[in-house]
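Novice: Sharing the feature lines straight out of TrEMBL:
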- 6-215: domain 'Aspartate/glutamate/uridylate kinase' (DOMAIN)
- LYS11, LEU12, SER13, GLY14, GLY54, ARG58, THR161, TYR167, ASP170: ATP binding site (BINDING)
- GLY53, ASP73, THR134, GLY135, ASN136, PRO137, TYR138, PHE139, THR140, THR141: UMP binding site (BINDING)
Amino acid sequence: MLPKYKRILLKLSGEALMGENSYGIDHKVITKYAQEVKAITDLGIQVAIVIGGGNIYRGMNEAETGIERAHGDYMGMLATVINGMALQSGLEKAGLYTRLQSAIKMEQIAEPYIRRRAIRHLEKGRVVIFGAGTGNPYFTTDTAASLRAIEIQADVILKGTRVDGIYTADPEKDPTATRYETITFSEVYKQSLNVMDMTAFTLCQENKLPIIVFDMNKEGNLMQVIMGKPVGTLVKG
Ligand code: UDP
């Protein structure tokens, strides 16, 4: 059976990296994710990754942080670079070649984001991690994921979460909630379902980029998604 996708953008939340902890990076999670990514790159899949920063810092809530929103957002973007470096180290330990590209210049540790160079890395089989989100405050790493996926012409965004897809209601609160196998963009709007923030979601819809929401913590799930198995929820036009 052939893989369904050739080039993917994997979005991982910063919080996922915490594992059982309430802050920071659990190296066991990094190792696990690195192995999952290695398995699909071994099939020749081109993998780009956007990682969040919520396990270290979120700039959004000025009332809570006491720091001006835009300033805090830049701090949040730096947090994604720390996560990107951790992930890079894990991926390289798993035997992969990687490049970290940052939307904010920090030449000693990451390449600047250059679209055509990112594509070239992917073509050579390197895993490209996009750090520092979009480089702009008032955005999220979900938006960075949508934007980069469109720019590099990825076939799909894979949003790895703790939940195994999109449900009719919050499955953690409502036991009768059922999972959608596929759903259209307009249905997501109509039902006010929470897939990504609006900016990120609209970018995908306008550019006809499908999204798959799936449970990244279940072993082998990433491979299942790549092979086109009905794992998680597929959002498409
Ligand atoms: N952020 C930003 N612009 C971006 C991406 C991220 O300002 O393009 C900041 C924002 O403060 C955000 C933080 O970085 O709260 C961490 O990213 P996010 O909350 O998306 O991470 P996740 O929820 O995926 O861990």
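Glycine residues also receive a Cβ, built from the backbone N, Cα and C atoms like all the rest.
Curation plays no part in TrEMBL annotations; they are all automatic predictions.
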Novice: Which whole-number mean pLDDT does the model give the domain 'Aspartate/glutamate/uridylate kinase' (6-215)?
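Specialist: On average, pLDDT over the domain 'Aspartate/glutamate/uridylate kinase' (6-215) sits at 97.
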Novice: For ligand 1, list the binding-site residues among LYS11, SER13, THR134, THR140, THR161, ASP170 whose CB atom is within a distance below 6 Å of it, in sequence order.
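Specialist: Listed by sequence, the hits are SER13, THR134, THR140.
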Novice: List, in sequence order, the same-chain residues at least six positions removed whose CB sits under 8 Å from that of THR140 (UMP binding site)?
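Specialist: Correct list: GLY52, GLY133, ASP197, THR199, ALA200.
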Novice: Any idea what the Cα distance is from LYS11 (ATP binding site) over to GLY53 (UMP binding site), rounded to a whole Å?
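Specialist: Each residue's Cα considered, LYS11 (ATP binding site) and GLY53 (UMP binding site) end up 12 Å apart.
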Novice: Ranking the binding-site residues SER13, ASN136 by other Cβ atoms within 10 Å, which is at the bottom?
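Specialist: With the binding-site residues SER13, ASN136, fewest surrounding Cβ atoms within 10 Å: ASN136.
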Novice: Applying a 10 Å Cβ distance cut-off over all chains shown, what neighbour count does TYR138 (UMP binding site) have?
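Specialist: So the number of other Cβ atoms within 10 Å of TYR138 (UMP binding site) is 12.
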Novice: Let me check the 10 A CB neighbour count of LYS11 (ATP binding site). How many other CB atoms are there?
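Specialist: Result for LYS11 (ATP binding site): 27 other Cβ atoms within 10 Å.
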Novice: Check each residue in the chain of GLY53 (UMP binding site) that is at least six apart in sequence and keep those whose C-beta is under 8 Å from its C-beta; list them in sequence order.
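Specialist: Set apart from GLY53 (UMP binding site) by at least 6 residues yet with Cβ under 8 Å, we have GLY14, GLY76, MET77, LEU78, ALA79, THR80, ILE82, ASN83, GLY133, THR141.
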Novice: For the recorded UMP site, whose residues are GLY53, ASP73, THR134, GLY135, ASN136, PRO137, TYR138, PHE139, THR140, THR141, find every other residue on that chain with a C-beta no more than 8 angstroms from the centre of their C-beta atoms, and list them by sequence position.
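Specialist: Surrounding the site, in chain order, are GLY76, MET77, GLY133, THR143, ALA144.
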